[in-house]
Every structure is written in structure tokens, then in C-alpha cells.
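Take a look at the structure set out below.
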């Protein structure tokens, strides 16, 4: 891997992440890299500015923070095929990150320069909000196109998940969502909402809603109702090429809010719909571990060990 140009992105509210960012920049500059540092957080989004002002894209983006910082980076960098090296500094679970100890010494940069790493491709989703009237859809029923940039209120990307929930401040309401898969209405879900998750996001909100754990090597979409009020509304896993359309049902005040990776996107009115499908691009995640184990990660992060807590595993 070339390290001519590197972006170092650090979590905005973390002093340890800021200190590590300064150290990474110092080490990379000593190797001759052109380094740009920027902070990222819930109220700070550096990527539109970086992508608009930098003459050339970086060879690598080093992301220092937790999973939320990584998710924000992936949503903007994946479409440009920029590799992401994520390191947990100031984060919590850190499903998508390396341990902070990999930063000790400058061996990490030499490994990258010597191509001693692997690249994981993580599936992403795209949501497109269709605000056209029924008459406009009848005149132009073709599917909405996937743009190359997330540049407006109608197009959004997610590495973990999208979810839709009722949008009311004064009460805690339920909502009714009609789910259409590949042109066929399969359910009208009444409950707290609906999650559409990638395999990467299957260990997050979708898991809490009763969904399955999917290995990230699989491309598929998890469709998980949130607290449905019917036993027949169940989680399903659909192929990655499935086209899912979600329609809010009810009166005009039954608005629905769309969220991406835990960040609010936009609000849908009854009569509008949200189209979710696999994005054309994947997140490119740098993997430094020589023997990575997804199952070991799940066991350690979610304390998923079963009977291993009571007995030693066999050697078979």
C-alpha cells in the first residue's frame, strides 16, 4: 500500500483520540506522507469539505474512535474506494476497530507499506426517498437511480442499518409500515418500526430486535420488525439484490423518521416511500490481525460464550 497521502480522522469529543491523531500524523510525516487531520462527530462532519477541497484522494484513511466514527467515515469514503484503517480510541464495543495497542511503535506503517494486511469488503445499503405523487409514479414507474454521492435529502447510505420509526415528540406511538419486496407486498407491520440491516449491522439494533447474527462474509439484508404487535410479523433475511420499499400508512399526522447508522436522515409523510437496496460500493476495511476470527470478536464483545463459561472447550 502506498502512503503518499493519508487522512487521520479522530473522534471529536475524545482527548485520547486527538492525542493519538497527533502522534500518527507525526509518524506518517516522518515517512514522507502528506497528512491531513480532521475531527468527526455527531455535530462535526469533515468529509464533504475534505472531498471538495483536496486535490487528490488519500491512499488511506486512519479513523481513531469508536464504531460510530467508523460508520460516519464509511458512509462518505466507501464510494471512493478509500481504504479505512479503524482503531478503537475512546470507543465502546469496537466491533469494527482494531485494538489501540496496534499503534505502539511504527510497525503498523511498515506493515502497510510492505502489504502485510488484508482487505475486508463490507456490504452497504442505500436508501432513496421517493416523494413523488401517485400520478407521477404512474407516468415514470422506473426505479430510482443510485447516485455516486450522498448530496441531498433523498439519498442516504449505511454500513450498519437503516430503520424507520414513528416521528412524534409528544407521545410514544406505534406506526404501521407496509413492506414491499421486489414488487410484492409481504406485510403490513404495526409496531415500533422496522430495521433493514447489513450483515455488519446484524450484531447491533437488529440483534436487539430479535434478528439473527450474519457473518460479514455473506451479502444479505436482514428485515427486522421492532416490537411488532402481531406474532406473524417476523424477521426475514432476503438476498442482497432485493429491492425493498417501505410505505408509511395512516393519516397525515402519522409521519415516519428514517435513521441511518443511528443518525437521523429525514421524515416521510404518508404517500411517500423509502426504497432500500444494496449499494453499488462496499466499505474497504483494512485488517491487520494475522488470524482474525469473527466468532471470537462476537464472543468477546457480546459475551457470547454459552457453555464455555462453565467448562473448557474440547480440543477436537
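Yeah, the Cβs are placed from backbone N, Cα and C, and that goes for glycine too.
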> With Swiss-Prot as the source, which of 112-131, 132-151, 152-171, 172-191 is set down as region 'Disordered'?
Replying inline: 132-151
> Using Cα coordinates, what distance in whole Å links residue 190 (NAD(+) binding site) and residue 67 (active site, proton acceptor)?
Replying inline: 30
> Pick from 67, 161, 192: which of these recorded positions has the biggest number of other Cβ atoms within 10 Å of its Cβ?
Replying inline: 161
